[in-house]
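Asks: Copying in the features that TrEMBL gives for the protein in this structure:
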- 9-104: domain '2Fe-2S ferredoxin-type' (DOMAIN)
- Cys56, Cys61, Cys64, Cys86: [2Fe-2S] cluster 1 binding site (BINDING)
- Cys126, Cys129, Cys161, Cys163: [2Fe-2S] cluster 2 binding site (BINDING)
- 225-409: domain 'FAD-binding PCMH-type' (DOMAIN)
- Leu253, Val254, Leu255, Gly256, Asn257, Thr258, Ser259, Leu260, Asp355, Leu399, Arg417: FAD binding site (BINDING)
- Gln735, Phe766, Arg870, Ala1037: Mo-molybdopterin binding site (BINDING)
- Phe872: substrate binding site (BINDING)
Amino acid sequence: KGVTDTSPIIISLLFPTQVMERNVDPEGTLLTFLGKNWTLLSKSWLLRLTGTKYACGRGGCGACTVMVSKHDPVSRKIRHFSVTACLMPICSLYGAAVTTVEGVGSIKTRLHPVQERIAKSHGTQCGFCTPGMVMSMYTLLRNNPQPSEEQLMEGLGGNLCRCTGYRPILESGRTFCMESNSCQQKGTGKCCLDWGENDSSPLGKKSEVSPFRMAENPEKRTLTFYGERVTWISPGTLKDLLELKVKHPKAPLVLGNTSLGPAMKSQDFHPVLLSPARISELSMVTKTSDGLTIGAGCSLAQMQDILAERIAELPEEKTQTYRALLKHLRSLAGQQIRNMASLGGHVISRHCCSDLNPVLAVSNATLNLISAEGTRQIPLNEHFLAGLASADLKAEEILESVHIPHSQKWEFVSAFRQAQCQQNALPHVNAGMRVLLKEGTDSIEDLSIAYGGVGAATISAHRSCQLLLGRRWNELMLDEACSLLLDEVSLPVISFLFKFYLEVLQELKKLVKMFSVPDSRHHSEVSDQFLSALENFPVTIPQGVQTYQNVDPHQPLQDPVGCPIMHLSALKHATGEAMFCDDIPMVDKELFMALVTSSRAHAKITSIDVSKALELPEVVDVITAEDIPGTNGAEGDKLLAVDEVNCVGQIICAVVAETDVQAKRATEKIEITYEDLEPVIFTVKDAIKHNSFLFDQILEEVHVGGQEHFYMETQRVLVIPKTEDKELDIYVSTQDPAHVQKTVSSTLNIPINRITCHVKRVGGGFGGKVGKPAVFGAIAAVGHPIRLVLDREEDMLITGGRHPLFGKYKVGFMNNGRIKALDIECYINGGYDSLRTFLILKLENAYKIRNLRFQGRACMTNLPSNTAFRGFGFPQGALVTESCITAVAAKCGLPPEKIREKNTYKTVDKTIYKQAFNPETLIRCWNECLDKSSFYSRRMQVEEFNKKNYWKKKGIAIIPVKFSVGFAATSYHQAAALVHIYTDGSVLVTHGGNELGQGIHTKMLQVASRELKIPMSCMHISETSTATVPNTVATAASIGADVNGRAVQNACQILLKRLEPIIKKHPEGTWEDWIEAAFEQRISLSATGYFRGYKAFMDWEKGVGDPFPYYVYGAACSEVEIGCLTGAHKKIKTDIIMDACCSLNPAIDIGQIEGSFIQGTGLYTTEELKYSPEGVLYSRSPDEYKIPTITDVPEEFNVSLLPSSQTPLTIYSSKGSTQTYHCTSGMFLGSFVFFAIADAVATVRRERDIAEDFMVQSPATPEWVRMACADQFTEMVGNCLFS
């Protein structure tokens, strides 16, 4: 392996150090390279960089972002750009400089301001995405030390976060922006968030990337890298490239690897790859009098800059096409992908949803081809896009450049797209449209329309356009065009054509006025009501205020309880030095495991042939159910399938190999034969049809909607057997290490005391790491050091998520809106097994309905078993109730808020299950929210806006929340802690909670600091371990910090009581003096704390009990604007009021509220699970499954913790102090956006005399909203479908 002349590949890394690697695998990426041990040129020791994280493997999340710096041969300058390391081929980086997060700053040396500010702005929770966020911002600042807010939003558009809700991350970034007012020291070049002068590196420091580390004059020789299966060839000249293309005609050209990289994961590999990265001719840009020629090697980000520059230089009439392309480029993927992907690759890949090809096709773009035989040009038209051989490249040809002609006077070009999200999302459908009008008239001289996303390739409506030539640009033409398009193109988005029609009319109006065209009165004009249809939702950086109660002025300064303390690991998150499960260095003789899963939904396994897999080099063994010495999981939910599989993704066996690559390759060689079984059930309706239920029960848990956890850190485990007594150390990313410990014990048939589970920190959980980690831990415990890390696709395929629901209700009510009776019937999709039913009593939310009946049935389907998720059914169940409230409002002709107010609990009362509670705080939250949000005046403003705008509507909703905290069982509320004081006075705290990003460790040290009356800096938490605190309960159900805080408090009080005699005898002594004296007097400086838990019980037979310790209350108001023609929406403003009583840490709690709210908006608006007819999950990557991005944060986002709220029950009167917002009520707050959208849709339907009561469907995707906003265009499509 290596290059032909044995020269090493040299990359500058972790400046000012260079890395030498002689054995580069052409199939390897930068991310896999960084995780290896490799040799430094200037040192003899090995280094392993783990700050760059694996989260999706497809470049869609930004967790693996690094900065690449190259010398640009055209501009002769160093170009810095962010890339995703998971897609960047390592061989493509010859002569490049790469900066990882470790090279930006370190807690051991100096921090960079980006790292400081994101940490001190509370912009990190689990911390798994933070290094990627830091690198995106760092790269932005290297190119522009004072970026605009628009550039900040663009720079972070390719980074996903599942915890924070983005607002604090953007706040930290805004401190660098030129127009920002977020820092009081603005204008001084400093920020209040920076450390002292000696602690941080200067923002403008330029020495990190030295020019000599990159090849200014790269060698022209051809570099060849040989791998086991693939050869990578990088020619130095265009002539060499063309000769290689003749020699290897089937070899693809690889630049950014954004298309080929993901495809090669699921398709056969290419034995030869050609890299034209060093060919300067492919990056040339030529400006001519008739257009612009852009080299095929230019990245999409470079194309953005080129087009923006040309638009600024030319008159508007010549830049119509450039503006349309630039519009799509701004929303095409994330910044990292635009930096990597090339124009040529985008065009040649001919993706059916390509954003640029439809625009290029209608604009008569030309492809300039070159081969060893010469050059030729072909049009970028429908024949090329369809892949017809007569209009395609020849095998030996490459695309050299793309010529884009100028537009001309009286020519109009527009681009349209409809996607799940505003940014970083593939479009469901898009279009490019161009019309040339006869000069001085509105007659069509030429017309081109192309659609993407409606077929296997971009489709041109050539026949329709030809038939419209000569028509006048008016409503008659529009009607005819719609009919023609419906006949020619399968499901075209007619509303795009209408928007184009309006845009052209507006531009035509300007031209007529400018050139004083005669007979202009005959031209059609756009009604003022329709003008809003022309406006796209702007991408703006969110603003907002976070309000919480100050601590008591008499509280000692060193007491941190109630203060907004930064997350303990925040700085380590920002520098990449926080260790996660897979960051643990390899141990001696470590092997890798890969899982083999079922490809059938319901089938009998007739045979498993592993022989071909075992023949592969480096493959050690294949583990099947027969190899399990103890219990193979539970009945109906086996660890490894036996005889039968019940869903696609069920684990059948596992391959163990010396490398992760070989383990994964071996899984493809295992041959499993099946015999299909009937019935195959995927949906609730299928289950009802086949009477497939797990059981019947009145007062059963009900759910609505499905959702994937999408924690940034996928499931992973490292199992290390010890040398004696069958002991095991298990390092695992889990919310419940005790459950992992018990499951491994029963699987191996060894005592629990031989197994120790370690949890340092978890990169997000949300309920998805309660049960499944035990499965992976048990499968990996094969008596040898084993590392098991799931790919994103595997994780989403195997693990299950939130239960979808099909619900029906009957409601009886008075004309004034008082609900007298409510009967709800729900069916939930439980998957093939595993159902959680202990939190089924949350559905009533905040409403007192005296005659209430819930009926629920759990449906068994051939999908992966669904599991715990933030809220345990409350976000879905309460949606049913709130939908009923909205329906009653529509029938009564009253606003929904009046119905909510009418039916909310008013006085001390009992719930449906007879638990007493006082709604005083609930009412306070409601009134505070009405006041702070200025709800009634905003409602009037919304109504006024809606009167003036026909194609855009606003909606507003305000909803109260009553959420029950905890498990419905006393034993689940117990907790323990272990506190050691060492002779130097330092304190080690251990407890049973797990750090998931919710700041539980930070809060535990705050508790210990108050109780022991010493600073937090004297304390430390190392990890959660079953060896120090046994028999723990899962960190879940909003109770984690509450019960563990009580245990820590108890341990500290025991210790302080032991120290009291010494302190009284020496009151002037220091803490260190007292500890030394205690040791000399043989006083134990270690104590176990214990909390027996809150009493909770439920009599399920009678349907009564006190199942929950207490309630958390809140209210929120959200305002949105929808585009009726596309179904897109924009969150205008959200105001949240939550009751946290006396928050232990308001910064962390507000962060939890914001993060869960944004995750809730994903549940209700964008996150859609899609399955094939065979039960295969289609949406198992960030490309297809869209969690919220930075553009999903409301323009104004205000969060307030209710002041002067007390409860004597909890520690320091704090409610649900770790996870309440993280897991529960905050999640449901996202539904307020859903109901605001529904409010806007209802306005549309009222205005158009359509029935208001439409079927509520979550998530409210753009497609659903578009079709609910019924108009003449949706009617046309409907008639076409059913004709």
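Here the Cβ of each residue, glycine as well, is placed from N, Cα and C on the backbone.
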Asks: Going by C-alpha distance, which of the binding-site residues Cys56, Cys86, Leu255, Phe766, Ala1037 is nearest to Cys129 ([2Fe-2S] cluster 2 binding site)?
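Replies: If we rank Cys56, Cys86, Leu255, Phe766, Ala1037 by Cα distance to Cys129 ([2Fe-2S] cluster 2 binding site), first place goes to Cys56.
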Asks: Just the number: how many Å between the Cα atoms of Arg417 (FAD binding site) and Cys86 ([2Fe-2S] cluster 1 binding site)?
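Replies: Between the Cα atoms of Arg417 (FAD binding site) and Cys86 ([2Fe-2S] cluster 1 binding site), the distance comes to 28 Å.
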Asks: Non-local Cβ contacts of Cys86 ([2Fe-2S] cluster 1 binding site) (under 8 Å, 6 or more apart, same chain)?
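Replies: Expected: Thr29, Leu30, Leu31, Tyr54, Cys56, Gly57, Arg58, Gly59, Cys64.
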Asks: Could you state, as a whole number of Å, the largest distance between Cα atoms of any two of Leu253, Val254, Leu255, Gly256, Asn257, Thr258, Ser259, Leu260, Asp355, Leu399, Arg417, the listed FAD binders?
Replies: 29
Asks: Validating a neighbour-count step here. Other CB atoms within 10 A of the CB of Asp355 (FAD binding site): how many?
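Replies: Asp355 (FAD binding site): 25 neighbouring Cβ atoms within 10 Å.
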Asks: Near the [2Fe-2S] cluster 1 site, what residues other than Cys56, Cys61, Cys64, Cys86 in the same chain have a C-beta no further than 8 Å from the centroid of the listed C-beta atoms?
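Replies: Result: Leu31, Lys53, Tyr54, Ala55, Gly57, Arg58, Gly59, Gly60, Gly62, Ala63, Thr84, Ala85, Leu87, Gly132, Arg792.
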Asks: Determine, for the [2Fe-2S] cluster 2 site, the additional residues of the same chain whose CB lies within 8 Å of the mean position of the CB atoms of Cys126, Cys129, Cys161, Cys163; present them in sequence order.
Replies: Thr124, Gln125, Gly127, Phe128, Thr130, Arg162, Thr164, Met712, Gly763, Gly764, Gly997, Gly1155
Asks: Which of the binding-site residues Cys161, Leu253, Asn257, Asp355 has its Cα closest in space to the Cα of Ala1037 (Mo-molybdopterin binding site)?
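Replies: That would be Cys161, nearest by Cα distance.
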Asks: What's the CA to CA span in angstrom from Asp355 (FAD binding site) over to Cys61 ([2Fe-2S] cluster 1 binding site)?
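Replies: About 20 Å separates the two Cα atoms.
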Asks: Where the record says Gln735, Phe766, Arg870, Ala1037 bind Mo-molybdopterin, what is the longest distance in Å from one Cα to another among those residues?
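Replies: Taking every pair among Gln735, Phe766, Arg870, Ala1037, the longest Cα gap is 13 Å.
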Asks: Measuring C-alpha to C-alpha, could you say which of the binding-site residues Cys161, Leu255, Asn257, Gln735 are within 10 Å of Cys61 ([2Fe-2S] cluster 1 binding site)?
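Replies: Candidates kept after distance check: Cys161.
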Asks: What is the Cβ neighbour count of Ser259 (FAD binding site) at a 10 Å cut-off, with all protein chains included?
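Replies: Step by step: centre on the Cβ of Ser259 (FAD binding site), count other Cβ atoms within 10 Å, giving 20.
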Asks: What is the interatomic distance between the Cα atoms of Cys126 ([2Fe-2S] cluster 2 binding site) and Leu253 (FAD binding site), given in whole Å?
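Replies: With distance taken Cα to Cα, Leu253 (FAD binding site) is 38 Å from Cys126 ([2Fe-2S] cluster 2 binding site).
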Asks: I need the nearest neighbour of Ser259 (FAD binding site) among the binding-site residues Cys161, Cys163, Gln735, Phe766, Phe872, using C-alpha distances.
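Replies: For Ser259 (FAD binding site), the closest Cα among Cys161, Cys163, Gln735, Phe766, Phe872 is found at Cys161.
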